[in-house]
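Asker: Pasting a structure here, questions to come.
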Amino acid sequence: MDTGIWPESESFRDDGMGKFPSRWKGICQEGNRFNRSHCNSRKIIGARWYIKGYEAEFGKLSPSDGVEFLSPRDAVGHGTHTSSTASGAEVKNANFRGLAQGIARGGAPSSWLAIYKVCWATGGCSSADLLAAIDDAIFDGVDIISASLGSPPPLSTYVDDALAIGSFHAVARGISVVCSAGNTGPYPQTVINTAPWVMTVAASTIDRDFPAVITLGNNQTVVGQSFYTGRGLNKFHPIVYGADIAATNIDGTSAGSCDLETLNATLARGKVILCFQSRWQRSAAIASKSVLELKGAGVIFAQFPTKDVSCPWSFPSVQVDFEAGTSLLTYMAASRKPVVKFSFSKTVIGQQLAPEIAYFSSRGPSSLSPSVLKPDIAAPGVDILASWSPAASSKLLNSPQTKASPFNFKLDSGTSMACPHISGIVALLKGIHPKWSPAAIKSALVTTASMKDEYGQNTVAEGAPHKQADPFDYGGGNVDPNKALDPGLIYDIKPSDYVCFLYAMGYNSTAIGLMTRVHTPCHKSVKFLRNLNLPSITLPELKQRMTVSRTVTNVGPVNSIYVARIQAPAGIDVSVEPWILTFNSTTKKLKFKVTFCSQLKVQGRYSFGNLYWEDGIHVVRIPVVVRIVINNHLYSET
């Protein structure tokens, strides 16, 4: 579910692919520059596009909206990128303008692809179109839905949200639905797509970076990051601070961040401009556009530390942290004629600690259902190389200020890039365990995820400041596909349990009936919220003592004995009953209870722990999240 696909991409070759399954009912819907030949029957086996809902909600597309195709063809690049990440065939010598060169392939390259274009070049995605697409996908016979889309808070209720409604019906039919967590981090309560039946994916970094060296006139150097590989700054150029060349009637703060129309054109021409990220102007792309329009020579953008390269590739620009930016200011103040030059950006692997949770990745807790831990899992989503639509860059490439050739691969960042990593892994798991439910597959991923980086240190979450990652950053942790193949135990959930969850949320029976189209007798018990059989335990309001229950299913050796181990959240006593689970040929499912008791008598913040079940081979871990609250009447009296 995305912006379509560029079918000619090498990532969608069908070499070695088998014929699609006989149960497949999908079609190849023709349109502008897209016909049935573009569904090659062995890789892209279906393609549809949806415009009626968009036009009813936003109006008809017009030429002023930019390049677009009334067909499944991708004019944006986003859909091509996510599709190739999930399922792309192996492509040798893939690179983005010489960067990140190597072999590219999707997570499940032998899987088939069906494309449902529901989003357009304007950025608009209609709820009606999304629902129609999910309905068609269910009818067509898909196994997994990958949806790198969503809206930032405030979140719609589950009975009103199109993705929540459509994904409920998909999951009820055994179709796993994987969604992005959103890109409004690192702030709490910003995570989106929080329905318990979907997999919500946070973004993490990888151990690849793109350093560029800035050489000062005194031969000292500063290292930043850049995607720029062109010519233009291999010779020294004068450097000025944006605040020192503010346009008339513009304050220094706005000019210092190089916001649009804040710089003096005469003083900026031919110079490298040093810009500092501000509260109001946080974008290196905007700073670069501002300087480019004034015919400046380049940009150095100083900002908070992050591994996500946000500088544009088409203009000489380097991203540095505030410390490096400040050292440049010091050099400029001490020099009568300060000058700098840039080296070309290059690719370096293995010099960065990874994975870390990306700064932009939206964080929990869920603002809609805080008893449901979100996100569920983290996967690579920073500077990811994947296929791209050549049409997406046509406007830029036609600019007289830009001399560049079209590209078929691009580096991009976002939870949109993380989501299809999990979609590909889900495809692999489903191929090996075809009878597992979507909840079982999610459980396998969450309970085997890693809390460590590649050096065995606790994973760090980028932020202000950086900190040790917790379940609100990455759910269960960083995905570990190989361990997920053999999780030992799973926490399974029936679709009817999700209906009871909706009742426990307080929605009325009419709204639930319209959403689910099924009748499930349920009690409106708030207890059901904490007892939903998720692979996590989240208690947003622990007052004194509370007991929750979970049921695990043995999918490992028939005769197994698991022993509980607790890492209790700070200020909480935790006990498990029973603390030993014994499985055999007749006992495949067992229920246990976990009791939490507060040791504190004051209002608390969220604290984090883990519950482990171990049999000597498998380590089945679920995150535990608890916040202590005191009784409202006591709180008001205090």
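The backbone N, Cα and C atoms fix where each Cβ goes, and this holds for glycine too.
Note: TrEMBL annotation is automatic and uncurated.
Remember, predicted model here, so these are calculated numbers, not experimental data.
Pulled these features from TrEMBL for this protein:
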type     : residues : note
ACT_SITE : ASP2     : active site, charge relay system
ACT_SITE : HIS78    : active site, charge relay system
ACT_SITE : SER416   : active site, charge relay system
DOMAIN   : 71-454   : domain 'Peptidase S8/S53'
DOMAIN   : 531-626  : domain 'Subtilisin-like protease fibronectin type-III'
Asker: Looking only at C-alpha atoms, tell me how far HIS78 (active site, charge relay system) is from ASP2 (active site, charge relay system), rounded to the nearest Å.
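Answerer: Cα-Cα distance, HIS78 (active site, charge relay system) to ASP2 (active site, charge relay system): 7 Å.
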Asker: Neighbour count, 10 Å Cβ-Cβ cut-off, for HIS78 (active site, charge relay system): what number do you get?
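Answerer: Total other Cβ atoms inside 10 Å, all chains included: 25.
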Asker: How big is the Cα-to-Cα gap, in Å, between ASP2 (active site, charge relay system) and SER416 (active site, charge relay system)?
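Answerer: The Cα atom of ASP2 (active site, charge relay system) is 10 Å away from the Cα atom of SER416 (active site, charge relay system).
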Asker: Taking every residue in the domain 'Subtilisin-like protease fibronectin type-III' (531-626), what is their average pLDDT?
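Answerer: Mean model confidence (pLDDT) across the domain 'Subtilisin-like protease fibronectin type-III' (531-626) is 96.
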Asker: Reported in the order helix, strand, coil, what are the DSSP residue counts of the domain 'Subtilisin-like protease fibronectin type-III' (531-626)?
Answerer: 1 helix, 61 strand, 34 coil
Asker: Are there residues of the same chain, six or more positions away from SER416 (active site, charge relay system), whose CB falls under 8 angstroms from its CB, and which are they?
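Answerer: Within the chain, SER416 (active site, charge relay system) has Cβ neighbours under 8 Å at HIS78, HIS81, THR82, SER148, LEU149, SER180, ASN183, GLY381.
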Asker: Ten-angstrom check, please: count other Cβ atoms within 10 Å of the Cβ of ASP2 (active site, charge relay system), all chains counted.
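Answerer: Result for ASP2 (active site, charge relay system): 26 other Cβ atoms within 10 Å.
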